[in-house]
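Participant: Checked TrEMBL, it gives:
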type     : residues      : note
DISULFID : CYS169-CYS210 : disulfide bond
DOMAIN   : 40-267        : domain 'Lipid-binding serum glycoprotein N-terminal'
DOMAIN   : 281-488       : domain 'Lipid-binding serum glycoprotein C-terminal'
SIGNAL   : 1-24          : signal peptide
Amino acid sequence: MCWTGRMMLGTFMILLVLVHAAAACEFGPFPYRATGIVCRMTKPAALLLNRETAQVIQAAFRNAKFPNITGERSMRLLGRVAYGLTNIQVNDLSIERSEVELKEDSTIHISIKNVTALFKGTLTYGYAGAWFLQLFHSVDFEIESSIDLQLNIKLMCQKDQVVPDASDCYLTFHKLTLHLQGDKQPGWLKQLFTDFISFTLKLVLKREVCKEINAVAQMLTNFILDLAANFVRDKDIIVDISLASDPVIKASYIESHHKGLVLYKNSSSTLSDSVFSPSLLTESRMLYFWLSEHSLSSLASAAFLDGRLVLNLRGKKLQELFEMEDTEVQRKAVQMVFQGTSYNDSVAKVWSLSQPQMSLQPEGTVVRSLVAMEISILLAGEEPLVALYMEKEIMVTIQATYAEKKLILQPVDSSIEIKVFKCIADPSGKDPSIQSFLQNLILVAGIPEVTSSIGSALTSLMNSKGLDLFDIINPEIITRKGYVIVQLDFGFPSHLLLNFLEKNL
């Protein structure tokens, strides 16, 4: 399950941007057949993430670079009057509310209501003659504004990735009031320049604010794609999360479909018979991840090829494993196996000899593998003495849960068949006390210890990618024949977005 957490964070952030692409990708007539991972975000999650939209909009306003505005107009008696607005900046920005609506025409409609902003700068004006332009006076100005912002956004595919285009952007002005030198009373000068610049200023504000919103979306998406790429990569193991089909927008959810192929060094898995169907996911939770058996099995195979399915136990851990019960039979067997050597001078190694075979069933994830166990006694100044070596065919059914920011793997059913047995204390392999003890040891303590260690390792791996930064609420991991569904509610860590905006804008 290690890649579940990585996909989670990357998808949260991607869906936060709510983006649109300039061109579609080619997927063929049966795109679901190549789908290994699916993410569905329902309307409640979209409403939650929409709260963060205000921060993006505020950052866009504050970061917009407004050009100087110049103009000239003929006035009766005064002749031609020229003006220029320079050093335009935004102060005292606030947003009353933001609303989001998912449209059946594959559009996300975001409405930002009553954006109030105070623009400040310098107004320079004068009279233009036929052969020269003389600007003889400058005053500071303030512009009070009240604006509604409308964004119509589509989710599509470009180069097998979701990319942003927030250019479908409209500003509606309810108020645009000019004050000169802090004077709030109307006067002929104020009225003159308000009439001159109002229309031009609206065009400039719309152009620059919408351009900056698009730029921030581009920046966020590049950051998100880099973050997502890191989430699905660990050294030589990479999960391909490029799109397998165009994203889907319904009135109640947004859904994206990803290839989920596992790349390891120069080899790649293939998938052409996915069992995914949109009907497999419901809409009662905020976020869903659908993962194919192929993707998870390929991850296990890559972990095996990369030499990661190895566990070493010594000292206290080894003692806890072999002293699971205090009986005369147990004490005798331990004494024979370890030949009186302390646990601190011994080491147990457990590793997989073959690629694990995984099968997702309603009861859980069924794993079959040929596993070796070796106990070595460390003698001072001598080569380690192999006191016990055995190979066993193991089949174990594992149920996965996630609680208190930890992935918990719990074996619920298991069986073993010993294929090879070598023990110094039992050369014939027929001592019933040792055979019974080791059989019980593997089933009762060995398999739970291995699955617990794998769960801890995967938790550390996911947290190193940032999963623990999220507030994950009542997560459920549900296995079915051929796939697993992770469904949850969540809280978004606003400080992540704030930190990014502060560092990059």
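Note that the numbers count up from 1, one per residue, in the order the chain is shown.
Each Cβ is built from the backbone N, Cα and C atoms, and glycine gets one as well.
All annotation found in TrEMBL is predicted automatically rather than curated by experts.
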Participant: Using all protein chains in view, find how many other C-beta atoms are within 10 Å of the C-beta of CYS169 (disulfide bond).
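Facilitator: There are 20 such Cβ atoms around CYS169 (disulfide bond).
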Participant: Just to be sure I understand the packing, how many Cβ atoms besides its own are within 10 Å of the Cβ of CYS210 (disulfide bond)?
Facilitator: 20
Participant: Note the mean pLDDT of the domain 'Lipid-binding serum glycoprotein C-terminal' (281-488), expressed as a whole number.
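Facilitator: Mean per-residue confidence for the domain 'Lipid-binding serum glycoprotein C-terminal' (281-488): 91 out of 100.
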